[in-house]
Amino acid sequence: MTEESRKSAIDDWLPVTASRNAKWWYSAFHNLTAMVGAGVLSLPYAMSKMGWGPGTVALILSWIITLFTLWQMVEMHEMVPDERFDRYHELGQYAFGEKLGLYIVVPQQLLVEVGTCIVYMVTGGKSVQKVYGTICPTCKDIKTSYWIMIFASVNFVLCQCPSFNSISFVSLAAAIMSIAYSTIAWAASLKKGVQPNVDYGYKSKSTADGVFNFMSALGDVAFAYAAHNVVLEIQATMPSTEDVPSKKPMWRGVILAYIGVAFCYFPVAFIGYYVYGNSVEDNILITLEHPSWLIAAANIFVIVHVIGGYQVFSMPVFDMMETLLVKQFKLPPCFTLRLVARTIFVAFTMAVAICVPFFGSLLGFLGGFAFAPTSYFLPCIIWLKVYKPKRFSLSWIVNWTCIVIGVLLMTVAPIGALRNIIISIEDYKFFS
């Protein structure tokens, strides 16, 4: 077997490049699934920490900036003739050099993807627990750890899907579910009507308290838009010809996904805050409580969505692991390798989720260093480095604005999150 044919055989086997016949709407629901996390349910709470003015600005500005940086990544996927950057780090390596590109992109990308998978394990487990509690309030209490194991069992099976295109049905279900539970959250709030003694003031004990709350809320909003870590990997599944480059179907899908994101985020954030003011819980489904069948349904939707989200975020990690095993360690690409590697990864995320059930708040801290760069300003830096727009031209100004905002976010969000961790450290229990 020649080196060239071996390389193309490996590419045909790796999850990201295995099949390049995706339809444009695949990119819509992969992106929607990746972006709308269960974090949407905490947006009213974030609004209550920021107030109407700043909260609205933060939400809408984040939507615009991340759409712009996503457009940049879609454009850069095939900026070099006859070459496709199928992975985020390949783009990084092109811009910053072989070694440095890897060091800049891979740690951040892994932190976001593995971190999200762990958070989804906890969210999934807790949602199964909530459904159980809602449907059968008198039943025996079961530890969260066991619920996480029950949730993980589904992922052990689904993670064997070989490539992005093979999980498109899971991803489609997840995208529909994310729209469904978002709709339940805002529609049920609307039906309840504005609470009698609603208050839109800041609920803080001191000025410092208010400032820190504001910071962590900004972080929550920033992380609500973090699909950039999988966008090139999704685009890699698109067919590309000279007449119709992959960016055309991809961009169509992204626009649809972003309309979906706006439909999920804005009504939930604004209506939830409008109805409950600053008395809203950090998960709006908890604030709603009744009717219990509806809340159980919403939690079931969350479960399905989180399963899909787990698959979309773990696929690039599987790709990295399998590339390493096959290309560096020269192991033969086969089913056994995939089975063992992926099972170990799912087991690892499950173990961390069980040991550290408060991982979500840790991710607020860790994620601040990775979510903000990969979604808000790394694409801009690469764009400036590769295209070198003229100083003070529109492109130059827009990119630098995004970089400044992104760096501020990266500084502010972890500070807010760290303080939240310090305050609630007494409540954290390992192995809940």
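Note: Cβ is positioned from N, Cα and C throughout, glycine not excepted.
Pulled from TrEMBL:
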- 21-417: domain 'Amino acid transporter transmembrane' (DOMAIN)
- 24-43: transmembrane segment (TRANSMEM)
- 55-74: transmembrane segment (TRANSMEM)
- 169-188: transmembrane segment (TRANSMEM)
- 255-276: transmembrane segment (TRANSMEM)
- 296-318: transmembrane segment (TRANSMEM)
- 339-359: transmembrane segment (TRANSMEM)
- 365-384: transmembrane segment (TRANSMEM)
- 396-422: transmembrane segment (TRANSMEM)
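Using the rule of three or more Cβ pairs under 8 Å, pairs at least 6 apart in sequence, the transmembrane segment (365-384) is in contact with the transmembrane segment (55-74). Between the transmembrane segment (169-188) and the stretches 24-43, 55-74, 255-276, 296-318, 396-422, the greatest number of Cβ pairs separated by less than 8 Å involves 296-318. Of the candidate ranges 255-276, 339-359, 396-422, 339-359 contributes the most Cβ pairs within a distance under 8 Å of the transmembrane segment (296-318). Put simply, of 24-43, 55-74, 339-359, 396-422, the stretch with the most CB pairs closer than 8 A to the transmembrane segment (255-276) is 24-43.
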